[in-house]
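Visitor: Residues annotated as substrate binding site in Swiss-Prot, with sequence analysis given as evidence: 63, 139, 164, 194, 198. What Swiss-Prot lists as NAD(+) binding site is 165-167, 199, 228-233, 251, 300, 321-323, 375, and the listing cites sequence analysis.
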């Protein structure tokens, strides 16, 4: 797609500035050259049109890389309506280029909470009425939740949802356990080519970039505390170590904690003896008083709570690279401390009280992206080559679920198919192979004898489902 002029009469969009479309198109063309798996799928399935008839409601960060995803879905036959899953993550030139191509999109950087909710609604509604959508592509679960809560009739036609991130998967599993989930879901997050690329290697690239853009600080020689050591935490700790920081890790899971130790990070707790009693007395003030940077990576609530924020070193930087803004207790900061905007998505939080502040006061914290996703709030997120794997998984998951035609099944068949599952390993390997080819790599093929010896086929899949990469 190369159009940059909005089709005559097309008004089914809202973006910051449609005149940015040409800029967005130029960046999209570059991104396509860095997304070999996604573009490979576009070429492979173009003639087949496996998404013909698919009407996809999409809610994922409206970035340049997402523009390539959207146009791949459309190229394979789908119609889409789109919004962003974060109020700060949209790249306005990307949204403009999609609108200029005649694709409904409702997203701009710096939305208010009310505007965010409005954009979600417009994704679902066409001409004021629910669109006859039959697929969902989500990141974080807000769109899926809104459909279940307010537009359940739409779900009668929906074949399934593909979910991008850890937080959204947790919400889906919770809904499934409570009997509230109405459609099957593919857990894209736990595909190897998503979790190991996006969550780990992506954060390794983009966290330090966002912090440096937001603060202009030299990070070398300073002390950082990374809260959480899952895939996002692992990538984040590596990102800061690359900058020469002295990195400590806090974890609740003994296995992840062991991995942090094995990777050479000091395992600590912000709480004395590791126990949070909800009081200032339980805080390890000696530890937090030396921390220059704290990063939350968990997808959990209040992992950097009010008592920790009180004990942090003066002028420490605080940020989050998990999906939602509740990992850091920003509600406490808004209620009790004064906020001074330095520039968009960078605030000095004066710990001298909620009222007026002295600009020369040195008892403040630097909060990035208001506690929301820092790498997209203060920078441009993961590079195209990283998102290539994630979005190739999304395309294959959409094709897979759309082909299952869940909405057309009998009640008995629906009950059997109502699951939250990962993408079949063979498709995960298909994405990986396209990515390897994009790097110019050559994968060695097993001989028939070798394949028989380890109990697989020459074409794969090569590992059992329980294998941990």
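One is the number of the first residue shown, and numbering goes on along the chain from there.
Backbone N, Cα and C atoms are what each Cβ position is placed from, and that goes for glycine too.
Note that the coordinates shown come from a computational prediction; the quantities given were computed from them, not determined experimentally.
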Visitor: Rank aside, I only need the closest one: which of the binding-site residues 167, 230, 232, 251, 321 has its C-alpha nearest to that of residue 63 (substrate binding site)?
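Guide: Ranked by Cα distance from residue 63 (substrate binding site), first place goes to 321.
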Visitor: List the binding-site residues among 230, 232, 323 whose C-alpha is within 10 Å of the C-alpha of residue 198 (substrate binding site), in sequence order, or say none.
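Guide: Checking Cα-Cα distances against residue 198 (substrate binding site), the binding-site residues within 10 Å turn out to be 232.
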Visitor: I need the least crowded one of these binding-site residues (63, 165, 167), counting other C-beta atoms within 10 angstroms of each C-beta.
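Guide: Output over binding-site residues 63, 165, 167: least Cβ neighbours within 10 Å is 167.
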Visitor: Across the listed substrate-binding residues, 63, 139, 164, 194, 198, what is the farthest Cα to Cα distance, given in whole Å?
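Guide: The substrate-binding residues span at most 17 Å between Cα atoms.
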Visitor: Around residue 139 (substrate binding site), which residues of its chain at least 6 apart sit with Cβ under 8 Å of its Cβ?
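Guide: Set apart from residue 139 (substrate binding site) by at least 6 residues yet with Cβ under 8 Å, we have 59, 60, 61, 85, 163, 164, 165, 168, 323.
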Visitor: Report the residues of the chain - excluding 63, 139, 164, 194, 198 - with C-beta within 8 Å of the mean position of the site's C-beta atoms, for the recorded substrate site, in sequence order.
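Guide: Here the non-site neighbours turn out to be 60, 61, 165, 188, 189, 387, 390, 391, 394.
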Visitor: If you measure residue 230 (NAD(+) binding site) to residue 194 (substrate binding site) at Cα, how many Å is it?
Guide: 14
Visitor: Looking at the binding-site residues 232, 321, which one has the fewest other Cβ atoms within 10 Å of its own Cβ?
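Guide: Each of the binding-site residues 232, 321 was scored; lowest Cβ tally within 10 Å is 232.
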Visitor: What number of additional C-beta atoms lies within 10 angstroms of the C-beta atom of residue 251 (NAD(+) binding site)?
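Guide: Taking all protein chains shown, residue 251 (NAD(+) binding site) has 24 Cβ neighbours within 10 Å.
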Visitor: Among all chains shown, work out which of the binding-site residues 228, 230 has the most CB atoms within 10 A of its CB.
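Guide: Output for this query is 228.
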Visitor: On the three-state reduction of DSSP, what should I expect for residue 321 (NAD(+) binding site)?
Guide: coil
Visitor: Given the binding-site residues 167, 228, 232, find the one whose Cα is closest in space to the Cα of residue 194 (substrate binding site).
Guide: 232
